[in-house]
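The feature compositional bias 'Polar residues' is assigned by TrEMBL to 13-23. The domain 'PAS' annotation in TrEMBL covers 51-76, 154-203, 407-452, 532-579. Residues or ranges marked as domain 'PAC' in TrEMBL: 354-406. The domain 'GGDEF' annotation in TrEMBL covers 688-826. Look at TrEMBL and you will find 835-1092 tagged as domain 'EAL'. According to TrEMBL, the feature region 'Disordered' maps to 1-23.
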Amino acid sequence: MPKTTAPSDPPATANQSDNPSLTENRGVQLQMLREWVHLAPMAMTLVRYPEGTILAANHQIAELLGWTPEQMCGRTTRELGLLVDLQQREQIIQRARAHQEPIAFDLQLSSQSGQLIDVQAWVRYTRQQDQEFLLLSLHDQTDIKRTEEDLRISREKFSLAFRMSPDAVVITDRRSGCLVEVNSSFERLFGWKASEAIGRSAFDLGLWANARDRERLIEGINANSAFQIEAMAQARDGSQTLAEVYGAEFMLNGEPTLLLTVRDISRQRQQEQAIRDSEERLNMALESARQGFWDWQIDSGHYYASARTASLHGLGKEPLNDSIDTVFQSMPLETRRAVHRSYRLVLEATRQPVTFTYQITLPSGATRHLEAIAHLYRDEQNKPIRMVGIVLDISEKVQHEQQIKASEEKFTALFQASMEPCCVVQRDSGKFMEINQSFSETFGWTPEEIIGLPPSALNFWTDPAHVEEISNLLQHQSVIRNYPIRLRHKQGHILQCLCSMRQLQVGIESVVTASILDITAQLKAEAALRTSQDKFSKAFHNSPDAISIVDLNSTLYLEINEGFTRVSGLTANEVVGKSFHDVGIWSTSDQVARLNEIFQRDGRIRNQETFGRHKNGTSLTLSVSVEQFELNGRPCLLTTSRDISELKSAEARIEHMAYHDPLTNLPNRTLLTDRLHQQIPLFKRHNMRGALLFMDLDRFKTINDSLGHAAGDSVLKRVASRLEKAVRAEDTVARLGGDEFVILLSAIEGDLNCAQLDAMALAEKLRALLAEPMLFDGHYLHITPSIGIAIIPDHGEEPVDLLKHADIALYRAKDAGRNAIKIFQPSMLEQANERLRLDTDLRQALESGQFRLHYQPQVDARDGRIIGAEALLRWQHPTLGIQLPNQFIHVLEESGQIVSVGHWVLEQACRVCATLLEDRLASADQFSMAVNISAAQFAQPNFAEGVFSILKQTGVPASMLKLEVTESIVIKDMESTVTRMQLLQQGGVNFAMDDFGTGYSSLTYLKRLPVDVLKIDRSFIHDATRESNDVEIIRAIIAMAQSLKLGIIAEGVEDQQQLDFLTREGCHIYQGYLFSKPVAFAELRQLLQQQKPSLD
């Protein structure tokens, strides 16, 4: 650090304390020292040692340290916290005592605000009798320190720019010519390591391929202090590179020094050299690009950019030294985005330094291309702390590359006599001397790869005999024309060529110029043409479509194929030479005019449908395409016609199928909806009405299940036929699917009442018509319909609403006992909504624990004992109370919830059995629990496994479980049903046939079933004492059970007369209100406890 001069001496007081005469004047002398402090032009203070009390301080030192003189005087330096390093205090005293003159110290003091201040302190020691004093003069060194730091950063920036420069940079001692410093780009370009090059001259290293180049550079520098030339640089391995050398002289440590920048421009100059050979005006080398520098302190956000960097980014010509946010805000938006993306790239890169290019937009609107090299520095925690880099304007390079590309095309035209591949080779060695661009494009080699090498080194010739033959020919003639030869491409494939050669004498050297014509593509094209013609001929004659060639001007047929004859029935002899008007394959002249109009408008015809005529007069539907082309120089038309008659018929059939039911050929839902859309506005416009009759067949599923789907389909077709015959032509009969039919009754005159009467009349007519028996496979089938009616437009103005309302009325008819007719009423909609709410509530009932089981005892009339019970489901609705099965079972079945609920019933019933066994209220051999099984539940593939699993979990013997199935379950799929029942029976489970006698009761299928018990339906028991038919049915069922050795239970026994009748006929087991209604489990326990003694 530079030293300041010592302050002038204070009044002579120092070290004179031994003089008696001066001792008396000590007070005066001390006062003189204080005055000296106050009058001094620099910052000064007087301190008493050893306590360090400040006796005097002038305004300069107070201002420097942020105090007032009054605040400082009387206080110690320790109290004020002036010295940052307290150890320096004793060092200052000791050294000051040892010297008579002031001594300089570099100190760091702390101001009142805590700011650190670098100062140079001159300290003078004085002693007055028994007291020691220090007189301190301070000089602020902060600016000097900052200047030194700036100098260090500048040197670091220069070093970074030096090291990171993409060009080779060399610093050379001017006098000795020895290299002082080189960068890594120098090592890459010349192949010399820095340690090998430094201390040696360029001549020693052989860097100049031509010594004259160095002399030119030195002469230029001597004249201008900076100069630039192009020269051949020579690497360590002897390879030479055309380089752009920029030299400048400067003083380094007082010594004249040269700074050289060497840029490899070999590839660029090879192209430029070629241009200069043909155009003398390209004689100026590119100016060496200037580099800009930037430094971003990431933590503080401080950003420095050199003047060159600022200028390159369009931010003025002065350096930038501000926060990065401020700098970025001064940039145009596009420039800011480009720089931001580039810096983000550096921050995310895993390897450093990072080279990148970006494009910016200047305030003028012009664009500039920049290339930068940046290095990111991280701290020990790998946190980015600093990013530095250099930036280079490559806009001229980009523009120049574009100019070079344009000039290459001009040079090629001037350099070559043709666009054919050309080369120049030495006559004796055969080495390539020059090739043109076409040569490179044709054979794959670049000039750098091929010049200086003979063809044999490249394996260029495929047949060495050709080389010898050409050499012999050139000995007797100077020109060879169109010599056929096979040459090898760089990639290895062979090219067929014609080579023309001429011998020339260039100076003393004999050369051969060769012009090569690649005929590989031509030969392939000729072969492809022959193949194409052959393919066209085959495609033309073998196509199934009718193809013809017609002269455009005369409209005469020139040729037709066999497909034309197949489609039209006309032979080539009947067509060729005639116009298409004469041939007359088109149905009408209008068709021809329409096609001609399309052709005139579009210049072609693509897949136009039209009608044609076969030779025999048959009408054809054709898809016609016409293309214009030239045949032997004459304009022609290629016409392709495809017979799509069958396709159109198929489309018509498909369209019919889209709107009609495939089984009955009736309109389907889509067509019905379409007609409703059309007729509803019509009815409203003419103040008319219509009616929608929604019908399904009662118990149609039973026919399907018992007689098979073939019988069901036959019934549906007969029903459709009867319905169509019963309505008017303007009415519509539609089938929506399954056994659902809809009749649209049109154009009813009168008010709503009249419309309802007409609809009811038609409904009654249809019901009577369908009631007539149908004979099928020896069976007379009696069909009854349920019909719902909606009036148009009173019950809806949209098809979906009308169908919905008619469907609701249909369900009301089915609820009324089937074979009924109901007209929609608004109240039905509320009932339907109630049904929906019921379905919604049921979906939560199981999860919410709302289901309950009640149990109806099964009793032996002979001794009055309970021998079993039937589990019956109840629903404890949170607001409606207890709901009986007939109120919700059908909803469970329709929604599919019956499976999960049925599983719960089975599990709960088995748990009750387990409890009864545990409490010794029942025994496994004297008590059974009957559980009703739905068809959907029984059809589950894993039903049997589920039953066995529940029995195992609850510990209930299988013999205690009796599953009650209905005839509908059995007859739906006999084989599968028998297999599943046998599996369960083998596991010990019993079966009862519920509601026996109400369906298709048959001894034949009953014999096949593993059933243990028959249950007589309550409908027969109810009239057993009054209705002779029911009596006979009961007797028949009992007789059937006895003959098959099956048990029998009567359900619904409500009075003693019914029981007496049953016991007389041999049925002793019963259940019903005569003994007990269905009860909760607690009441069942009480009933069983009453007979418990007999179990012990």
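Keep in mind that glycine also has a Cβ here, set from the backbone N, Cα and C atoms.
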Secondary structure composition of the domain 'PAS' (532-579) [DSSP: H/G/I, E/B, coil]: 22 helix, 12 strand, 14 coil
Model confidence over the domain 'GGDEF' (688-826), averaged pLDDT: 88
Helix, strand and coil residues within the domain 'PAS' (51-76) as assigned by DSSP: 11 helix, 6 strand, 9 coil
The domain 'GGDEF' (688-826) - residue tally per DSSP class, helix then strand then coil: 64 helix, 41 strand, 34 coil
